[in-house]
């Protein structure tokens, strides 16, 4: 009888945070909105708060960066560790150290689905449809996958069944699609700057931005718009048609997550050939099933917010069953290892985190070490051939441990 590898149990889970409202500002890391001054990501970008003029100019003005980065580390009995980062900060630390720890410690490192199910069910009474709690669960889940990969000596994508393509090709999200084209990306996604409170003038301004970028980038380069939940159905339909002459590939997250009927109406009335996409701020498997039923073209879960890799795999299966694509919201290595195994993810997102989008900067810089970035818009699967997610925690960052158990 062949020997079966004996897997260790989890000895301890630990949680730290960096950045956010109670630590240093501009820390970056898992909370990529927590950037310094003069950064494109905090420019005049349309949001649900833009209708209040005092919060229109800057997303940080209404507190988009107050949470900061959550870091979860799990340690096995043999001393090996796995970790992950997400957006949950100090409050996420409390949830891990005071509640979720009981479902993690003492389990085998391979008990990922069991731990995941127990975390979900134990937090139902205060998690609602996602948000902070789901971000925290996602971070734990990713840390568990990282640990499991390191214990067995395999990259996470091989634990999921292996790659279905040799490389991942990327589009870039940022303010300068023209620069993204020069860097080898297949497309560029820009934020909208105006919303329903700006009326038709806002539509004309955003359409003019698309027209300008189309002239700079040429006919074949993809252009997309990220609307970040800032619109209503009528405005979104008008904006989509205003941008149609400039061959806009898709219009993204026009409406808040709960407005499923609105997404169905938008898809029905969008210009022929223009895709409708959403999912970044949906936080449960059930919400993605309902979103899929609206008929949108691409679902865009964030693996650090939707329940982790365990849930992302299930979301991809839902999308595949309906002939839809799943293109995760930019999550660096945490999505790279997933999407290279998905047959319905032909490309992926890279979020530009340099202030003016002119240089390639790792998305979760500086909290991750050895975080890969695309070369000529691509990452080859061989880059991912390291145990776990293939990155290390930068312990020179100011890691704050606010709680213990």
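Keep in mind that glycine also has a Cβ here, set from the backbone N, Cα and C atoms.
Binding site for Mg(2+) per Swiss-Prot: 252, 280, plus 226 from the candidate set 226, 232, 297. Between the farthest pair of Cα atoms in the substrate binding residues (33, 59, 349), the distance is 21 Å. The secondary structure of residue 349 (substrate binding site), as reduced to three states from DSSP, is extended strand. Residue 59 (substrate binding site) sits 17 Å from residue 280 (Mg(2+) binding site), taking the Cα positions as reference.
For the pair residue 33 (substrate binding site) and residue 329 (active site, proton acceptor), the Cα-Cα distance reads 14 Å. Here the C-alpha separation of residue 302 (site 'Increases basicity of active site His') and residue 252 (Mg(2+) binding site) works out to 14 Å.
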